[in-house]
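TrEMBL annotations:
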type: DOMAIN; residues: A:95-302; note: domain 'ABC transmembrane type-1'
type: TRANSMEM; residues: A:12-30; note: transmembrane segment
type: TRANSMEM; residues: A:99-121; note: transmembrane segment
type: TRANSMEM; residues: A:133-159; note: transmembrane segment
type: TRANSMEM; residues: A:171-194; note: transmembrane segment
type: TRANSMEM; residues: A:236-259; note: transmembrane segment
type: TRANSMEM; residues: A:279-301; note: transmembrane segment
Amino acid sequence: MLRVAVLRISMAVPILFGVSVIVFLLMNVLPGSAEASLVSDDMSAAERQAIRDELGLNDPLPLRYLHWLGDALQGNLGYSAQRRRDVSDLLMQAWGNTAVLALVSAVFGISLGLWLGYVAGTRRGTLIDRLTGVLSLSGLSIPSFFLAIILLAVFAGWLRLLPSGGANLDSGLLMALRSLVLPVLSGSLITMAITARVTRASIVDVAGADFVETLRAKGLSEWEVRRHILRNAISPVLTTSGVQIGALLGGSVLVETIFRWPGMGLLVFTAISARDLLVVQGATLVIAVTFVLLNLVVDLLQAWIDPRVRGAVS
Amino acid sequence: MSLTIETRAAGTTTPAIAPALRVRDLVTEFRGRYGAVRAVDGVSFTVPRGSVLAVIGESGSGKSAMLRSIIGINPPTTLVTGEISVGGRDLQTMSPRDRRTARGSDVSMVFQDPLTALDPVYTVEKQLVEAIRKHHEGLDKAQARQRALELLELVRIPSAAARLKAYPSELSGGMRQRVVIAMAIAGRPTVLLADEPTTALDVTVQARMMRLFRQIQRDIDMGLVIVTHDLGVAAELADEVAVMYAGRFVEHGTATQVLTRPSHPYTEGLIEANVRAGQDRRPNAIPGAPPSLDQLPPGCAFAPRCRYAVSACWDVRPITQLVGDGHSSSCLLAS
Ligand SMILES: Nc1ncnc2c1ncn2[C@@H]1O[C@H](COP(=O)(O)OP(=O)(O)OP(=O)(O)O)[C@@H](O)[C@H]1O
Ligand SMILES: [Mg+2]
């Protein structure tokens, strides 16, 4: 297990390096590069040159990358002239808000999906199974923004039970929960649906395996047999959960925009509209790194749970 | 090596004379959307303690269905009727809970494919300990571990202590089958059912596995029902041999009677096919195919493939008759 961990972690390092190179190149090779936000049309050529020099934009590309990487590693991702704040400050705040929303959504969506999938998979063909099928199919086909708008109209507009937007995370648990309900519901429906489907399929698959007969022949009770089945079935669920959490941590632009949730999605959306490229670059980097690290955690969990995964690596 | 699995004390809870397994008029029907399939159709037999019954027959004749009915792990829609007594205890009239705990302690089963018979995500030790503690409630973890080790030694697994920590995928097929056997005898069963336990193993391992079955079965003094395609195995291992066709025992007697003086044309065909097949032990050389179970002919199920069939065979379902001392056959022409 330790060997697997070391191997997996050492594999993550070059991936992170690659991510940083790509993010850097995208922002520096694409038209409309970084100084565009500082330079205005009425500046003279000499003034522009001075700015470029000052920003180090005339250095060769590899050197500029190293500078950028060094700064980034120290938490310095530049200054957003539009927002008049350090990019890292903006990111930290947005990431925190998104993380709260993402984690609550993930816990809610994944546990509900897991439960539904488990119930459906172990009672295959029953009414509950079919209802779950309908529910998860709707979850996959109803767009989150549509659900968000409906929820807004009903709970905030019509019933006036819940706030229509904003993250109220600092004024007590109750307020925080109230502001979370609608974004979590709209953002986690798809997570719930995917988790339910994967869990059900995996459980049905494992329940048909030969070793389940051996377990029954040993005299185990139905609950004990199901514990074995669940343990075997959890691997694909873990993989999709990782992807789901990753997507949630990236911040849903639609959900965050509709509920005015000041997270990564909203930040990136406004930064792109405002051509605030340093923010876009920083956000891309943060989202990518989050994803890589999350994958690492999922891989390690997987190896810990399933000896066959461990064997395949070592 | 110390013999840690002591024989069941005779006469404590059940009379010593009760056979390991007694089956009367066993019928197994699989009920599906498109009607019922009668996979086992009125089978009766008795396996004394310390004795081996080999069941032979072509694919689809209902051998596995019969074993599954005896241990009680058919899908819930299956209808099983008849008497199934293990050591004098009738399993069919038990509460579902008792029926379940009878699995592993009264009756155990070893399956065909050792590669898929073990839970891949638990170590051998975990799986053995689980079975042991299921049937010996007084044991603590350490004692159960000790017992798991003894079981592995009993099935002659080399460096057993190291194997305990292994996952199934780290063991060879032969080793895995030994683990499966160890697990099956963990609860000191009165009767062990083995469904083609060596078919998935290679030939050299097969012989060793058969010897192991013989030894263990003597050690524990249990009854053994073994389904096999290998008549050599049946001859070597079994006290009695039953031949199954379309859900019925068409011939049943001592191994010598059935294998050297077959009375039923089907048995005759199996023996000839087995000789011809040589290494490839699947007896598949009888012309024609077994009948579909949902449209059995009114007469003898084997008549369409039988070289001796006369017109009466097509109309009259043959009854089972004695053709020798303890040797029975369901052929109209048997005498
Ligand atoms: N769960 C089930 N539902 C419906 N039919 C079944 C089921 N299990 C077995 N059968 C049918 O019962 C018949 C007997 O099957 P069984 O597996 O007992 O044969 P077998 O003698 O063990 O053959 P083999 O040598 O191939 O293992 C077959 O026709 C099979 O299709
Ligand atoms: Mg079979």
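Just so you know, glycine gets a Cβ as well, placed from its N, Cα and C.
Predicted automatically and left uncurated, TrEMBL annotations should be read as such.
Predicted, not measured: the structure shown is a model, and the values here were computed from it.
Of the two recorded stretches, the transmembrane segment (A:99-121) does not lie close to the transmembrane segment (A:279-301), with fewer than three CB pairs under 8 Å once pairs fewer than 6 apart in sequence are set aside. Of the ranges A:12-30, A:133-159, A:171-194, A:279-301, the one with the most Cβ pairs under 8 Å to the transmembrane segment (A:236-259) is A:279-301. Under 8 Å from some Cβ of the transmembrane segment (A:12-30) lie the Cβ atoms of residues 61, 64-65, 68-69, 72, 277, 280-281, 284-285, 288-289, 292-293, 295-296, all in the same chain and six or more residues away from its ends.
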